[in-house]
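For reference, TrEMBL has these:
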- Cys294: heme binding site (BINDING)
- 15-26: compositional bias 'Basic and acidic residues' (COMPBIAS)
- 11-31: region 'Disordered' (REGION)
Amino acid sequence: MIVGKTLFIKNNNNSEDHAKKDHKKEEEEEEGQKLHKSILKFFELAGVSVASDTLPFLRWLDVDGQIKEMKRVSKEMDLIASKWLEEHRQKKRQQSGATKGSNHDDANDFMDVLISVLDEEKDDLFFGYTRDTVIKATCLQLVVAASDTTSVALTWALSLILANPNVLRKAQYELDNKVGKGRNIEAHDIDGLVYLQAIVKETLRLYPPGPLSVPHEAMEDCIVGGYQVRAGTRLLVNLWKLQRDPRVWSNPLEFQPERFLPQPDGGFGGEAVNIDFRGQNFEYTPFGSGRRLCPGIDFFLQTIHMSLARLLHAFDFDTVGGPVIDMAEGPGLTMPKVTPLEVHLNPRLPATLY
């Protein structure tokens, strides 16, 4: 746990046993909804272009009000993080008699650990920032990065599957064959669901969590591909382009999970059977590579595999508004869909499993 809160799940339990906690739960739900809206706006604003990006002397000219909106979102997220920090510090003061020491056994979540570690440091500033700023920024970064990228990727995966009914049938056949309909999917089942894993890989090829890599900076003068690169030059890799390059991928704009599976006799696919997420194949790096490889890759993969597997296993889908799904991409750092995906869910397992 990062800050010890359930932020994005609505609790509908109104039993008497939970009556005393209702007010606290309502506050957490309201806080979670506010944070979720701020996160969506944050990623949208992070992907827009403003005049001062190209012409810094126009920074004062905020024609579309985007800079003002950025400041509003930043302040709102900082207020939420400040509330978390104050709650944790207050709890720590109340538990002042608890176990102390460098092992941090009294910590309940990641923010507790950061507070314990940084409060023991003598310096008030860390790389020019106060300890409170470092704690808030680190925790917000983890919450923001984990929530938006996972939900966007899951939305694209479902959209691609529903736009390709044959893929849905193959995935559900594998799930029924490997797991059956008598129980729910567990974490240990995922390794055996090779077609589901191929679906996730193909989704991340077409729609990487971030279409542009994190910035890199040249530490010294060098020559790359015949181009002279000066020290201090910043580089953003266009992952979207690399992973749709027709010189590397056959039918690059087609959704074909089979390309990540061994090629059957007389069938197609198999071109990317040995390619993985871990940044060793530069034609396919949805999480980056090297030292800057996304630190949340394992959490992301566990979450999306389990979420997608349980959805496809437990439900049949009817799209709202007809069979054609709008696949247009919207603005933003993580490139969400322009139109939300709306579906009707029809149970396909025994009622006792829901």
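Backbone N, Cα and C atoms are what each Cβ position is placed from, and that goes for glycine too.
Values in this document were obtained by computation on a predicted structure and should not be read as measured data.
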Same-chain residues at least 6 positions away from Cys294 (heme binding site) with a Cβ under 8 Å from its Cβ, in sequence order, are Pro209, Phe287, Gly288, Phe300
DSSP on the residue listed as 'heme binding site', three-state: which is it?
coil
